[in-house]
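Student: So Swiss-Prot lists these for the protein:
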type	residues	note
ACT_SITE	GLU35	active site
ACT_SITE	ASP53	active site
BINDING	LYS82, ASP85, ASN87, ASP90, ASP91	Ca(2+) binding site
DISULFID	CYS6-CYS127	disulfide bond
DISULFID	CYS30-CYS115	disulfide bond
DISULFID	CYS65-CYS80	disulfide bond
DISULFID	CYS76-CYS94	disulfide bond
DOMAIN	1-129	domain 'C-type lysozyme'
Amino acid sequence: KIFSKCELARKLKSMGMDGFHGYSLANWVCMAEYESNFNTQAFNGRNSNGSSDYGIFQLNSKWWCKSNSHSSANACNIMCSKFLDDNIDDDIACAKRVVKDPNGMSAWVAWVKHCKGKDLSKYLASCNL
């Protein structure tokens, strides 16, 4: 499934992500845009450490989920393949776990590069949230 920006914003808001650990809704949506282009089936198997990234938030198999190809800390206690389906409830639950670590949203390189410290005040203006 490919979400629209506003559709994802509404979903994230309904799951309590606006202000979660101090990050505005716009930060979460911006991160998803640059990580996956809002695509729940996004997959990147080309990380230098042999790990892969899964789903709309590009959750990494070395730390957050279990894949069959290598060992994992599996901090979200889930199979990585679950992050590739249309239901993003489990992806959101795992993102909440990720952001509780000291790095916060800096765990996402695309967020650091494209969203961190930027003026996102108008980012969701058209969504009528």
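Any Cβ shown, glycine's included, is placed from N, Cα and C.
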Student: Same chain, not part of LYS82, ASP85, ASN87, ASP90, ASP91: whose C-beta falls within 8 angstroms of the C-beta centre of the Ca(2+) site? Give them in sequence order.
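Tutor: Residues close to the Ca(2+) site, other than LYS82, ASP85, ASN87, ASP90, ASP91: THR40, GLY55, PHE83, LEU84, ASP86, ILE88, ASP89.
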Student: Taking only same-chain residues 6+ apart in sequence, whose CB is under 8 Å from that of CYS30 (disulfide bond), what do you get?
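Tutor: Expected: TRP111, HIS114, CYS115, LYS118, LEU120, TYR123.
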Student: Whole-number Å only: compute the distance from the Cα of ASP53 (active site) to the Cα of CYS80 (disulfide bond).
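Tutor: Distance between the two Cα atoms comes out at 8 Å.
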Student: In the three-state scheme derived from DSSP, which category covers ASP90 (Ca(2+) binding site)?
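Tutor: ASP90 (Ca(2+) binding site) sits in a helix per DSSP.
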Student: Indicate whether CYS127 (disulfide bond) is helix, strand or coil by DSSP.
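Tutor: Reduced to three states, the DSSP call for CYS127 (disulfide bond) is helix.
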Student: Report, in whole Å, the straight Cα-to-Cα distance of ASP90 (Ca(2+) binding site) from GLU35 (active site).
Tutor: 17
Student: Can you tell me how many other Cβ atoms are located within 10 Å of the Cβ belonging to CYS76 (disulfide bond)?
Tutor: 23
Student: Least buried of the disulfide-bonded residues CYS6, CYS65, CYS80, CYS115, CYS127, going by other Cβ atoms within 10 Å?
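Tutor: CYS6, out of the disulfide-bonded residues CYS6, CYS65, CYS80, CYS115, CYS127, has the fewest neighbouring Cβ atoms within 10 Å.
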Student: Taking the Cα of CYS65 (disulfide bond) as the centre, which of the recorded positions listed as CYS76, ASP85, CYS94 lie within 10 Å of it?
Tutor: CYS76, CYS94
Student: For CYS76 (disulfide bond), which of these recorded positions sit within 10 Å, Cα to Cα: ASP85, ASN87, ASP90, ASP91, CYS127?
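Tutor: So far as Cα distances go, the recorded positions lying within 10 Å of CYS76 (disulfide bond) are ASP90, ASP91.
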Student: Could you tally the C-beta atoms, other than its own, that fall within 10 angstroms of the C-beta of GLU35 (active site)?
Tutor: 22
Student: How many Å lie between the Cα of CYS94 (disulfide bond) and the Cα of CYS6 (disulfide bond)?
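Tutor: That separation, Cα to Cα, works out to 21 Å.
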